[in-house]
Amino acid sequence: MKRLRPSDKFFELLGYKPHHVQLAIHRSTAKRRVACLGRQSGKSEAASVEAVFELFARPGSQGWIIAPTYDQAEIIFGRVVEKVERLAEVFPATEVQLQRRRLRLLVHHYDRPVNAPGAKRVATSEFRGKSADRPDNLRGATLDFVILDEAAMIPFSVWSEAIEPTLSVRDGWALIISTPKGLNWFYEFFLMGWRGGLKEGIPNSGVNQTHPDFESFHAASWDVWPERREWYMERRLYIPDLEFRQEYGAEFVSHSNSVFSGLDMLILLPYERRGTRLVVEDYRPDHIYCIGADFGKNQDYSVFSVLDLDTGAIVCLERMNGATWSDQVARLKALSEDYGHAYVVADTWGVGDAIAEELDAQGINYTPLPVKSSSVKEQLISNLALLMEKGQVAVPNDKTILDELRNFRYYRTASGNQVMRAYGRGHDDIVMSLALAYSQYEGKDGYKFELAEERPSKLKHEESVMSLVEDDFTDLELANRAFSA
């Protein structure tokens, strides 16, 4: 199937002004387009335009947006809905039917305006939102086009075994978009279509290994929005280097999966072991302290890290296991009192009401910071990693602490999502205790961590649809023939 391309006239119908990278994507006729772009660079918007164009330019076309989760698929799906509803007002020989809960959109095509006497339906185009976490639900369809969003987070087997076969009968096209996540299959597909020569951030980009069916596009966020370059460079001060290079620089970074790439910047302090405590320094009346408390469950350890807010150093760390809730709280209270009644930042998630009630009963000054989701955990860990890269994290020079930091890694789940956890059957209690403590630290450059609000899992129609548009229409005459009376 020959891929049609949109005209400038079609862009005008949508009020859409594509930037240079979006325009290159729209003008490409490759069957497999791979777009590796930084965050907020318009790749999702361009993808929504591609879908709208097919639904109108090819009556009867069938296409899907596939993302790691339904919530992610709903983003582009919502944008497509908004654009389709807008175009339906321009082309009276079309009728839109939306089944939002099923993420299903139908565009009915008629031989004349819908309200004209004798109007007959001649074809129906269909667009659906799908999740890659259930590959078996992707099998069996016959499609004209597929859009893969955040493709780097989708396992290759989902593409090769479930998605690609749906395009075989009609020789359909695929638009594969993502920010990079290491050197996985998305990286390999990108190289198959890259013709831009040697470029920083793309390993082996100077090696010509392209495939005629592929074309790839690459841009950092500031390449797309050069007027905002200063803003992006400021973000680099507040985001771990690896995360910044991947998310905004769109770099394919090869790494050992270690979350803490700044371990060589870690400040190591001599300490004295006192029972279950590693003591770097005793209480100083003129200093302010806080304690990051990660309570142990089952075989986990309980770890309490005392942070000197004036120096940014962990001056005491207590680690224990096998203790009852009451014993853990009693130890925490004693530690707090030893450091001038230091206030506590406690992860109270998953330990029930017992800990909270015990903390209240003991009169401990604490702030609950429940690590109730991967989002909260990632924000806390990213803050710790950033401070470490800046040389602002100081801990006791203890092998257990260093091993736990070194073995805290990124992993990919079966559904393609990226998670952080300890290697193998290791523990992450020290990591979480440190992250909780340093969430209260104002860095030497004035940076202060703030926990961002979590995004709702479901978006209302008005919120999930954006009025920004990106579309492509090859030939307006084709559209006129399809929709005129």
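Quick reminder: no glycine exception, Cβ is built from N, Cα and C everywhere.
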Exercise. Of 73-78, 145-150, 301-306, which range does Swiss-Prot call motif 'Walker B motif'?
Worked result: 145-150
Exercise. To which of R58, R79, R86 does Swiss-Prot also attribute binding of ADP at the site defined by K17, P18, H19, H20, V21, Q22, Q40, S41, G42, K43, S44, E45?
Worked result: R79
For this session: For the motif 'Walker A motif' entry in Swiss-Prot, name the matching range from 27-33, 125-131, 209-215, 440-446.
Result: 125-131
Seminar exercise, completed: Looking at the binding-site residues D294, D429, the one with the fewest other Cβ atoms inside 10 Å is D429
For this session: May I ask which residues of the same chain, at least 6 positions away in sequence, place their Cβ under 8 angstroms from the Cβ of Q40 (ADP binding site)?
Result: S221, W225
Exercise. When a 10 Å sphere is centred on the Cβ of K17 (ADP binding site), how many other Cβ atoms does it contain?
Worked result: 13
Problem set entry | Alpha-carbon spacing, D294 (Mg(2+) 1 binding site) to H19 (ADP binding site), which is rounded to whole Å | 47
For this session: In whole Å, could you give the widest CA to CA gap in the ADP site formed by K17, P18, H19, H20, V21, Q22, Q40, S41, G42, K43, S44, E45, R79?
Result: 20
